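Here's the structure, in structure tokens; my notes come after.
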Amino acid sequence: MPKMISKPLLLTYFYLFIYILLSSGVILYNKWVLSPKYFNFPLPITLTMIHMGFSGLVAFFLVRVFKVVAPVKMTFEIYATCVIPISAFFASSLWFGNTAYLHISVAFIQMLKALMPVATFIMAVLCGTDKARCDVFTNMLLVSVGVVISSYGEIHFNVVGTVYQVTGIFAEALRLVLTQVLLQKKGLTLNPITSLYYIAPCSFVFLFVPWLLLEKSAIEYSQFQFNFWIFFSNALCALALNFSIFLVIGRTGAVTIRVAGVLKDWILIALSTVIFPESIITRLNIIGYAIALCGVVMYNYIKVKDVRASQLPSESIPERVSKDWKLEKKSSDIFVPGGTGSASDNVDEETPLTQSTRLSHIGRTQAGNYAA
């Protein structure tokens, strides 16, 4: 008689399904809202500010009114030296990433996001939080070659959109490294709600300056439609995605999350070609992305092995390898409230505010936009 799936494991699969659904949905929804061919609201800074304002407001009510979580002990020094610089790069990554949707397809953006481990590794080496290694460098080179091939095969290649997306990736990579360097040294722990409570309002303020210069006049002199329910549901989906990542991190291991992330990418690439017919995928696109993905998978393996080795110093290598899958399976049956405090380079591109010590230094970062 076949063994029935346990309730906790079934719940884990449900959370993974919700994560993939929300992650893909938010990206496709944002593309639809921003695209001149569809909803026609080509104001990425305004859209991002709506997301940040809504998230900050919800977080304020959860922390101060309903007291779901307690605020952390935040001093002016910590806010000035940690929250402000992190929020600045967070806002930049959202701005550049959302702007890219005006110029290039969702499928191509997902392919470019394979560069995230490369950007994170470069920034970590420059900031002294990681060391240059031949094995990692080889993987990064493979990823870069794959992305170049994929870009060469892009029919509607757009330099402006590509530059925006790559700039957003490097801004997010620097934010991740700064989060690790600054918050970890201060011993500050932030869960998704307190992260939004402190960082979302600050990001809103940073976005206000480019909004004044670039989009304020466009809103005043152009007739863009503003549908409350469209923007409310869009911001709500982005907020729900942030919380779904928190639930997934609590119930799964690093390997499962990375597999789910890769599965989500392929689903998103396929769906985008159906929903947006102008998005055409060529054979060279697929070949290049597959090459980049091979480099990402090998990078994941190296990082997971490194972290597991550091956690189990007294065991032999074969014992560590044999325990990898046991730890992964065990983590699916135990809920661990998301311990935070170290910047992970393994966060979803729509929810870079969520961090977990379990995921620190592990895997491929698809960060880019919490709201994109």
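Please read every residue number as a count from 1 along the shown chain.
Heads up, the Cβ atoms here are built off N, Cα and C, so glycines get one too.
As written in TrEMBL, here are the features:
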- 14-300: domain 'Sugar phosphate transporter' (DOMAIN)
- 332-372: region 'Disordered' (REGION)
- 12-29: transmembrane segment (TRANSMEM)
- 41-66: transmembrane segment (TRANSMEM)
- 78-96: transmembrane segment (TRANSMEM)
- 102-124: transmembrane segment (TRANSMEM)
- 136-157: transmembrane segment (TRANSMEM)
- 163-183: transmembrane segment (TRANSMEM)
- 195-214: transmembrane segment (TRANSMEM)
- 226-249: transmembrane segment (TRANSMEM)
- 261-280: transmembrane segment (TRANSMEM)
- 286-302: transmembrane segment (TRANSMEM)
Inset, instruction - Mind pulling out the one from 12-29, 136-157, 163-183, 195-214, 226-249 with the most Cβ pairs under 8 angstroms to the transmembrane segment (286-302)? - result: 136-157
Legend entry - Cβ pairs under 8 Å between the transmembrane segment (12-29) and the transmembrane segment (163-183), at least three: no
Inset, instruction - Report, as numbers and ranges, every residue of the chain located at least six residues beyond the transmembrane segment (195-214) whose Cβ falls under 8 Å of a Cβ in that stretch; write 'none' if there are none. - result: 45-46, 48-49, 52-53, 55-56, 58-60, 62-63, 71-72, 74, 79, 83-84, 86-88, 90-92, 94-95, 239, 242, 340, 353-355
